[in-house]
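Read the structure below first, then the notes.
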Amino acid sequence: MGHDVRYRVRGGRPLQGTVFIQGAKNAVLPMIGASLMAAKGRTVLRNVPIIEDVRRAVELAQAIGAKAELHEAERTLVIDASTLSSPVLPADIASRFRGSFLFVPALLHRLGEAVIEGVGGCNLGSRNLDFHYNGFKRMGATVTEQIADNGDGIIHIKAGELRGGTLYCDTPSHTGTENLIMAAALAHGTTLIKNAALEPEVLDNIEILQRMGARISGGGTGFITVEGVDELNGIEHTVMPDRIDAGVFVMAAAITGGELSLVGASLEHLGVAADKLEQMGVEFHQQGAVLQVRRERPLRPINVITDEYPGFATDLQSPIMALSCLADGPSYIYERIFDGRFKLAEELTKMGADIEVNGNRAKVNGPNVLRGAEVEAHDLRCGSALVLAGLAAEGETTITSAYYLDRGHAHTAERLSQLGADIVRETD
Ligand SMILES: CC(=O)N[C@H]1[C@@H](OP(=O)(O)OP(=O)(O)OC[C@H]2O[C@@H](n3ccc(=O)[nH]c3=O)[C@H](O)[C@@H]2O)O[C@H](CO)[C@@H](O)[C@@H]1O
Ligand SMILES: C=C(OP(=O)(O)O)C(=O)O
């Protein structure tokens with residue numbers, strides 16, 4: 001996986017024009033999980049990002065018996081889950097994306113069990129699932145692990161009937177909150193989830209579940225109450241815009257000294273990242289649902305501490321590391337969410353950056369002149385950061401293992417080319 005896609009970028013062109021922000025990866029994946037909970041009717045999702053994670057999610061839905069049709073040109077996904085038949089999330093698909101674990105509540109409710117042969121997602125250090133498992137157990141499920149012949153662990157979760165209870169996340173886990181809400185939506189009785197995540201995608205998921213018939217209150221407060229209902233129905237829903245995609249395009253304008261109109265981007269959804277980018281010298285003008293952004297002055301250095309929403313999103317940490325290479329002085333980055341998210345530093349160093357990494361802290365000694373090099377996308381956001389670095393670098397940058405980038409960003413080369421970038425996508 002990940003070795004067959006390359007991007008070639010030739011830097012030095014300021015980006016200008018209008019770009020359409022895609023639908024949110026981290027909203028559509030739990031929505032696909034939610035739509036599998038509807039035993040009757042079809043769910044229609046609009047503004048679906050055409051990314052590899054969505055293609056994998058469609059394959060996985062089909063593998064467990066649902067009818068799922070992705071209409072790419074229309075960015076529309078139609079799901080009929082009435083035919084759900086297999087509780088097994090097969091490793092060859094499920095281990096390619098993190099969102100596969102969001103199918104578990106539907107399997108528990110519809111088939112009484114889930115068999116998880118693998119969970120994927122970006123390799124960012126330890127990525128535990130204990131808040132999910134502990135929550136399912138508190139609702140009456142049993143969770144057991146069996147070691148397969150090849151040494152891989154296979155998790156079996158069985159739940160004859162889930163019942164409401166008091167659940168919590170030790171820290172406000174994004175997918176953990178979504179999974180516990182979905183598990184509670186069709187459980188018997190009332191569930192309270194404490195220390196729930198506040199991310200806009202979590203709220204968009206609460207909205208789709210409510211429209212399907214779920215009874216959920218407290219979204220956005222950290223305490224979510226769910227009163228279980230007997231069934232959920234297929235409905236139509238438009239996926240919210242992707243705030244990480246928006247943040248990357250803001251930084252594309254910033255790193256090239258350009259000016260862009262981002263259709264669908266929201267300053268509010270960027271949280272603290274908007275303030276940090278403003279401090280670096282980015283100018284924002286929110287005009288309704290279009291965000292205008294430009295950078296004319298030299299970039300200033302920045303201190304970043306990643307945090308749950310509305311803090312600085314960890315998924316924008318890699319892109320801002322690339323941007324801070326050009327800033328006039330040292331920038332300090334403290335990654336608090338994941339313990340293995342600095343592989344990018346080595347790749348940027350190949351391009352001429354000067355970055356000191358110490359555990360979960362990095363110091364970027366800007367300003368550096370970036371030069372084109374062959375670099376590797378170790379994960380999704382490492383990929384988007386390397387594209388940004390390539391846009392600012394002298395000469396040609398080749399980004400390998402770029403399947404990771406395609407996991408989360410749609411039509412990257414096409415959208416950047418329309419803004420004046422020199423970028424092509426190649427496959428073997
Ligand atoms: C598909 C999706 O929505 N992915 C996003 C989601 O990932 P994901 O939902 O996996 O991230 P979490 O919020 O769950 O994880 C954050 C931290 O909590 C820890 N943790 C989490 C769950 C658990 O049961 N036990 C535990 O210890 C993790 O190891 C990690 O250190 O949120 C991340 C943090 O905003 C984003 O980077 C990902 O893009
Ligand atoms: C970490 C990410 O995604 P996932 O949780 O899907 O691996 C990401 O989007 O950067």
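Cβ from N, Cα, C; glycine included.
Site annotation for UDP-N-acetyl-alpha-D-glucosamine in TrEMBL covers Arg98, Asp315, and the matching candidate from Ile64, Ile337, Ile355 is Ile337. In the shown protein chains, 25 other C-beta atoms lie within 10 A of the C-beta of Asn26 (phosphoenolpyruvate binding site). Among the binding-site residues Arg98, Asp315, Ile337, residues whose Cβ is positioned under 6 Å from ligand 2 are identified as Arg98, Asp315. Taking the Cβ of Asp315 (UDP-N-acetyl-alpha-D-glucosamine binding site) as reference, residues of its chain lying under 8 Å away and at least six apart in sequence are, in sequence order, Ile244, Gly247, Leu380, Arg381. Largest CA to CA distance in the UDP-N-acetyl-alpha-D-glucosamine binding set (Arg98, Asp315, Ile337): 16 Å, whole number. Separation of the C-alpha atoms of Arg98 (UDP-N-acetyl-alpha-D-glucosamine binding site) and Asn26 (phosphoenolpyruvate binding site): 10 Å, rounded to the nearest whole number.
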